[in-house]
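J.: Annotations for this protein, taken from Swiss-Prot, read as follows:
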type	residues	note
COMPBIAS	1-210	compositional bias 'Low complexity'
DISULFID	214-225	disulfide bond
DISULFID	219-234	disulfide bond
DISULFID	236-248	disulfide bond
DISULFID	365-378	disulfide bond
DISULFID	370-384	disulfide bond
DISULFID	386-400	disulfide bond
DISULFID	409-427	disulfide bond
DISULFID	429-440	disulfide bond
DOMAIN	210-249	domain 'EGF-like 1'
DOMAIN	401-441	domain 'EGF-like 3'
CARBOHYD	243	N-linked glycosylation site
CARBOHYD	244	N-linked glycosylation site
CARBOHYD	263	N-linked glycosylation site
REGION	1-218	region 'Disordered'
REGION	525-547	region 'Disordered'
């Protein structure tokens, strides 16, 4: 028998009546960790399958006989000279047929390294039909691996087997069985790297069932399952935290608010969204890592908001946004931790986490709506005293809240629940509105407060108007008086100047007040006077000589 280098022959044996013999050709060698799994096909009486010497078995050769099995005596022998290395398993399979049924290989048959033999067997009830389709790939040094599919009476199945065996690898058969009820499809595939071990991955999809992870009731009673996008978490009543071993356990509450840096803020109000699940996972993981050395129990997210409920400052980064998550961290009932120690540990962890920006500690009494008293510091919300105006509606609920009205009040309609003097609750209008025509309407100008009874704005408007008018009148009087005073002063000065220049005569110098009527400056006469003003020039006053 001639085989390609490193190949292993897979004899096919058929048992006959009364004695069936399975023979392996001497000299056959099975390599380490190689599994030889012969495949037997049941045939009708007097059916012989023969391969002549020198015949080359090509891929996709199909032999499909039909047979009825009887009960014979099967014997399997190995011819001397067969060598099985350590770890080699030879598992011949014998199928009983009627007498005179033999299948053998003639020496000299050559099997190509890339020949494919993929037997596929289908069994039905009550009539059995066996069909074989050679399609197994035998690379050098490899061994064939059959893939078997069994279909049970009820339902239908479709399978697509695919096995890849590179040189030097060992094959691992993959078998898929469909269930009797329903319809399913499975696709199996085995990939073996050179010289490595096989790794199989099976992906199955079912047409029945739902994607809701809470349908299987994974949480122990009395905890409830809260569904996220494709996961869930278990939630207990207030004051309790969920423990996988014992369900809900009574604990100690430490409320607070944490600022988280996120890339996307859409749908954070929807617990079934992808973004909320991502945020929930980040917050829970942060606190689990922070309190891993304590008796920490669970973190419960109360609310997610873009605005902080405990700080007026908000932080915006270039590529990310900040959301504020109201949380409650649960510890053991007898924990040694207090509010200060818990807040200190969280603030230290914030410094080393890039996704967490800050932590705000919330007072436990404010969280429950109780009055601070004693050293217990509202450790038990059911026993604390409610603040004025708040009351505990249910004795089993630790929160103190404002009482509600018997009739519904809507903030959209500008309504709120008010408490009368007799303690009864009534739905009334908000401040700045009053009830008119069966609904809350805005107060007219100048009125405000409850039922528009506050007239402060109207009084302030009237007083302001009067004061403004009085100030304006004073300003006008002041301007008029100043202008009249300035005008009177200018007239007196002008009269004095005119009188002074009118009476002024400058005879020796020839100046006279010729400009007094139209100008304040005097004019000078440039003409030669007809008579000299020098007394010595007067000849009539001086005697003349006689000669």
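The backbone N, Cα and C atoms fix where each Cβ goes, glycine too.
Show me how these features fit into the structure around them.
T.: Under DSSP, residue 225 (disulfide bond) is assigned to a strand (E or B) in the three-state scheme.
According to DSSP, residue 234 (disulfide bond) sits within a strand segment. Listed in sequence order, the residues of the same chain lying 6 or more apart from residue 234 (disulfide bond) and placing their CB within less than 8 Å of its CB are 218, 219, 220, 223, 224, 225, 226, 242.
Around the Cβ of residue 248 (disulfide bond), a 10 Å sphere holds 20 further Cβ atoms from the protein chains shown. Under the three-state DSSP scheme, residue 248 (disulfide bond) falls in the strand class.
Secondary structure at residue 378 (disulfide bond), taken from DSSP and collapsed to helix, strand or coil, is coil. Around residue 378 (disulfide bond), the same-chain residues six or more apart in sequence whose CB sits under 8 Å from its CB are 364, 365, 367, 368, 370, 372, 384, listed in sequence order.
Cβ contacts within 10 Å of residue 370 (disulfide bond), excluding its own Cβ and spanning all protein chains shown: 24.
If you take the C-beta of residue 400 (disulfide bond) and look for same-chain residues 6 or more apart in sequence within under 8 angstroms, you find 368, 369, 370, 384, 386, 387, 390, 391, 392.
Other C-beta atoms found within 10 angstroms of the C-beta of residue 427 (disulfide bond) number 18, with every protein chain shown included.
Look at residue 440 (disulfide bond): DSSP puts it in a strand. Long-range Cβ contacts of residue 440 (disulfide bond) within its own chain (separation 6+, distance under 8 Å): 413, 414, 415, 429, 430, 433, 434.
Mean pLDDT for the domain 'EGF-like 1' (210-249) in this predicted model: 90.
Same-chain residues lying 6 or more positions outside the domain 'EGF-like 3' (401-441) and placing a CB less than 8 Å from one of its CB atoms are 369, 389-393, 448-452.
Secondary structure at residue 243 (N-linked glycosylation site), as computed by DSSP, is strand.
Neighbour list (residue 244 (N-linked glycosylation site), Cβ cut-off 8 Å, at least 6 residues apart, same chain): empty.
DSSP classifies residue 263 (N-linked glycosylation site) as coil under the three-state reduction.
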J.: If you measure residue 263 (N-linked glycosylation site) to residue 214 (disulfide bond) at Cα, how many Å is it?
T.: 29
J.: CB neighbours of residue 263 (N-linked glycosylation site) within 10 A?
T.: 9
J.: Please tell me which one of the recorded positions listed here (236, 243, 248, 409, 427) sits closest to residue 214 (disulfide bond), measuring Cα to Cα?
T.: 236
J.: When a 10 Å sphere is centred on the Cβ of residue 214 (disulfide bond), how many other Cβ atoms does it contain?
T.: 15
J.: Drop a 10 Å sphere on every Cβ of the disulfide-bonded residues 236, 365, 386, 409 and tell me which sphere holds the fewest other Cβ atoms.
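T.: Among the disulfide-bonded residues 236, 365, 386, 409, the lowest count of other Cβ atoms within 10 Å belongs to 386.
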J.: Within the chain of residue 243 (N-linked glycosylation site), which residues six or more apart in sequence place their C-beta under 8 angstroms from its C-beta?
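T.: Within the chain, residue 243 (N-linked glycosylation site) has Cβ neighbours under 8 Å at 249, 297.
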J.: Here are the disulfide-bonded residues: 219, 225, 384, 429. Which has the lowest count of other Cβ atoms within 10 Å?
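T.: It is 225 that, of the disulfide-bonded residues 219, 225, 384, 429, has the fewest other Cβ atoms within 10 Å.
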